[in-house]
Amino acid sequence: MPDIAPSSQPEGDLRYRRVILKLSGESLAESGKRGISDNELLAIAKQIKSAHESGCQIAIVNGGGNILRGASFSGANASVQEATAHYMGMLATVINSLALQDALDSIGLQTRVMSALPVDRVAEQFIRRRAIRHLEKGRVIILSGGIGSPFVTTDTAAAQRALEIEADVILKATRVDGVYSDDPEKNPHAVLYEQLSYNEVIQKKLRVMDATAIALCNEHRKPILVFNFKQDGNIVRAVRGESVGTWIGDPQDTQTNQR
């Protein structure tokens, strides 16, 4: 599939046929809070439905930080081994996936939750061919449990699954407008980047995804679009290839496919 930077398209055009939508666990909670907010769930679900109705096949990878973040939990609880804490974090992603599934179902989408961990009473086992088949049948799939191994972030899981299902792009949903030179909430002079190469992300130590995820995307030329999902309609704009957020990809494509 082509690795090209998005450009402005007439309304209704679809730039990306199949995407991985990476949601943080915190995106399901109210700002600054933990747990799951019904209002946040439905707001995200409605945006996903609009993007799906445009013809895009959508696979979602969500985090679990609104419930439990493995690395930080083990640091604060000496009696819990780090590997165990990571498995607990994976189970948190399953909880989030079930909540998101019901929200999507409630507004008329067909969904499947697939898990890298065996939880067959509530989710299917992740099998690559089955996942692709669900997408081809018009279902939204929610991929939980990371990749089923500790010490691997859900960012890396998103990169891995994007390669497996041959997604055109990873859409990383955040609460800010893209990738900045510094934390925009702390530094009002932080600069928003329109486009970056993978190497620039690494060299500038920009907080986009973890190093393993960036390395995977770099090696396989899988582009990433970082955008603000809190702005209504941005998920649809992203799948159409409109100028939204920060595009990260191969330097050649970044230079020759200006938005």
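Using the three backbone atoms N, Cα and C, a Cβ is placed for every residue, glycine included.
Per Swiss-Prot, the features are as follows:
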BINDING   LYS22, LEU23, SER24, GLY25, GLY65, ARG69, THR174, TYR180, ASP183  ATP binding site
BINDING   GLY64, ILE147, GLY148, SER149, PRO150, PHE151, VAL152, THR153, THR154  UMP binding site
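Overlay of Swiss-Prot feature records on the structure.
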residue	record	contacts (Cβ under 8 Å, 6+ apart)
LYS22	ATP binding site	ILE60, VAL61, ASN62, THR154, ASP155, ALA158, ILE170, LEU171, LYS172, ALA173
SER24	ATP binding site	ASN62, GLY63, GLY65, ASN66, ALA173, THR174
GLY64	UMP binding site	GLY25, GLY89, MET90, LEU91, ALA92, THR93, ILE95, ASN96, THR154
GLY148	UMP binding site	MET90, ALA116, LEU117, PHE126
PRO150	UMP binding site	GLY70, GLU82, ALA83, HIS86, TYR87, MET90
VAL152	UMP binding site	HIS86, GLY146, THR212
ASP183	ATP binding site	ALA190
Maximum Cα-Cα separation in Å among residues LYS22, LEU23, SER24, GLY25, GLY65, ARG69, THR174, TYR180, ASP183, which the record lists as binding ATP: 24
Entry from the binding-site residues list THR154, THR174 having the most other CB atoms no farther than 10 A: THR154
Cβ neighbour count within 10 Å of GLY65 (ATP binding site): 21
Environment of GLY64, ILE147, GLY148, SER149, PRO150, PHE151, VAL152, THR153, THR154, the listed UMP site - residues of the same chain whose CB lies within 8 A of the CB centroid: GLY70, HIS86, GLY89, MET90, ALA116, GLY145, GLY146, THR156, ALA157
DSSP state at PRO150 (UMP binding site), helix/strand/coil: coil
Farthest-apart CA atoms of GLY64, ILE147, GLY148, SER149, PRO150, PHE151, VAL152, THR153, THR154, residues recorded for UMP, distance in Å: 15
Assigned conformation of LYS22 (ATP binding site) - DSSP reduced to three states: strand
Three-class DSSP secondary structure - ASP183 (ATP binding site): coil
